[in-house]
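*Asks:* As annotated in TrEMBL:
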ACT_SITE  Ser117  active site, charge relay system
ACT_SITE  Asp194  active site, charge relay system
ACT_SITE  His226  active site, charge relay system
Amino acid sequence: MKFAIYIPDNLEGPAPVLYHLSGMSCSEQTFIQKTGYQRWASHYGIIVVSPDVCPRVTYGVEKNEIEAKGLSFYVNAVKKPWNKNYQMYSYVNEELPSIIQENFNINKDRQSIMGHSMGGHGALISALKNPGKYRSVSAFAPVCNPSKSPDIQIIFKCYFGDDEKAIEEWDATCLVTKYKGPELNILIHQGNDDQYKEQLKLQNFASACEKAGIAVSINVEDRFDHGFYFISSFIEQHFHHHSKFLCDS
């Protein structure tokens, strides 16, 4: 695995850390190059860590879209051959934070998580499955209800077979209905012209949050699609959101 880390020049002492999870067909370099987040990370004094989206291993499976597009979905696969390396949930929430804590001057008690698309799904499930670990969570156009998205179900069945209950344990809309923990502090942006919005199922997640009494700020922006111009247009709001929970002032 590779990861990218951005460390602002103006830090004094241990700094808060924000993990960013990218979407399909991305790498650890994508967020760095296409969003312009650095000015806001420097403004608020936040270290940013962005891992690659999947293990770069080759299984040689026929018509292997998972490897071609990096479709890890940040889960822990249980079916062969994916279960050997595709343990991205554990990597993001256990192994990677341990590496960051050991090698960089971060405040381990002040960490948050965010993501885009598939990475937004990873950010939401990471926060929901680890109550209190992250002070805040945000997402751009997240995959919210994969168990109800036929195209994404195909990928999940590669990891979990036909076990619907197992798949629901990696579905943010299902997880939020039984969440018990501190305030999640969720912020979501989605473009109204997002070409994938039928697969994202944002409204399902919003309805589940309302029924569960979970506060979430959802913003649907006119004339924006799924891409990086959309992210760069609203990245300031996401860093401002996280700064309220990560920073003293």
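The backbone N, Cα and C atoms fix where each Cβ goes, glycine too.
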*Asks:* Which residues in the same chain, at least 6 apart in sequence, have a Cβ under 8 Å from the Cβ of Asp194 (active site, charge relay system)?
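*Replies:* In sequence order, Ala141, Leu200, Phe224, Asp225, His226 meet the Cβ cut-off.
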*Asks:* Between the active-site residues Ser117, His226, whose Cβ has more other Cβ atoms within 10 Å than any of the rest?
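*Replies:* That would be Ser117, with the most Cβ atoms nearby.
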